[in-house]
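These come from TrEMBL:
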| type | residues | note |
| --- | --- | --- |
| BINDING | D53, D92, E124 | Mg(2+) binding site |
| BINDING | D53, S54, D92, K122 | 3-methyl-2-oxobutanoate binding site |
| ACT_SITE | E191 | active site, proton acceptor |
Amino acid sequence: MSVHQSSNLKRITTHVLQEMKGRGEKISMLTAYDFSMAGILDAAGVDIILVGDSASNVMAGHETTLPITLDQMIYHASGVVRAVKRSLVVVDIPFGSYQGNSTEALRSAIRIMKESGAHAVKVEGGSEIKESVVRILSAGVPVMGHLGLTPQSIYKFGTYTVRAKEDDEAGKLIADAKVLEECGCFGIVLEKIPAKLAKQVADNVSIPVIGIGAGPDVDGQVLVVHDMLGITQEFKPRFLRQYADLRSTMTEAVENYIKDVKTNDFPSKKESY
Ligand code: KIV
């Protein structure tokens with residue numbers, strides 16, 4: 001039975017997520033970028049839908065998340081919000097729309113909330129964006145942090161390898177998580193860091209910590225939906241568990257359609273007026 005068939009449908013709020021962490025119930029989070037996919041994820045019962053700037057990669061075919069614009073994020077988020085009845089919808093503020101100063105950050109967050117109807121925003125970084133995080137929160141907009149491998153900084157890192165393996169980077173990550181918690185963020189995504197460090201962070205902050213490539217000892221997990229459904233082809237990092245092979249299923253369906261069109265098998269009499 002899907003959650004929408006159940007009579008006690010309860011919307012996921014940041015407060016609900018906090019309660020889940022409190023009772024040790026794991027939080028599920030997946031990305032979505034459009035109405036149809038978001039409707040499937042919401043009906044299946046995923047707790048958080050992230051309109052990630054990974055849309056830049058999986059929807060637009062860019063190599064990095066940097067090119068996607070605020071207008072494009074709002075477009076993706078609007079479709080997602082229209083489909084959702086239960087999940088919390090979090091939207092990435094894209095590269096170049098919050099790093100300048102806190103006024104720009106606030107303006108971008110407000111545009112996302114007002115124009116898409118989303119429930120929260122996500123930003124990458126720690127102490128260096130503290131002022132912006134505080135400013136967005138002061139307007140009543142829930143903020144989620146993102147530490148570890150932060151794809152908007154890929155040209156600073158130079159590679160997509162595991163972050164914070166060395167003590168100094170791990171120490172800064174722990175301190176940044178504390179900063180985000182103290183600012184009032186409702187959660188933090190930790191991407192591609194050692195599992196031991198992720199556990200340390202999750203144990204040391206009171207807010208939910210959601211991992212991607214951060215091991216099992218955090219409060220929840222997030223994956224890019226096209227990766228876990230097997231739609232993307234080449235991206236197969238160690239942390240990815242593929243739950244379906246939709247690329248093969250879809251390819252076979254399209255090949256069968258082409259064959260039926262070419263052989264005049266489709267449409268049949270029953271499929272005609
Ligand atoms: O943009 C995205 O999909 C993300 C997840 C990888 C956490 O930020």
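For all residues, glycine too, the Cβ spot is worked out from N, Cα and C.
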In Å, rounded, how far does the Cα of E191 (active site, proton acceptor) sit from the Cα of S54 (3-methyl-2-oxobutanoate binding site)? 13
How many whole Å apart are the CA atoms of E124 (Mg(2+) binding site) and S54 (3-methyl-2-oxobutanoate binding site)? 13
Apart from the site residues D53, D92, E124, the 8 Å Cβ neighbourhood of the Mg(2+) centroid comprises G52, T65, I93, P94, F95, K122, V123, H146, T150, P151, Q152
Per DSSP (three-state), D92 (Mg(2+) binding site) is strand
A correct count of other C-beta atoms within 10 Å of the C-beta of D53 (Mg(2+) binding site) gives 29
Using a 10 Å cut-off on Cβ-Cβ distances across all protein chains shown, tell me which of the binding-site residues (D92, E124) has the largest neighbour count. D92
For the 3-methyl-2-oxobutanoate site as recorded (D53, S54, D92, K122), determine the largest distance between any two Cα atoms, in Å, rounded to the nearest integer. 13
Write down the Cα-Cα distance for D92 (Mg(2+) binding site) and K122 (3-methyl-2-oxobutanoate binding site), rounded and given in Å. 5
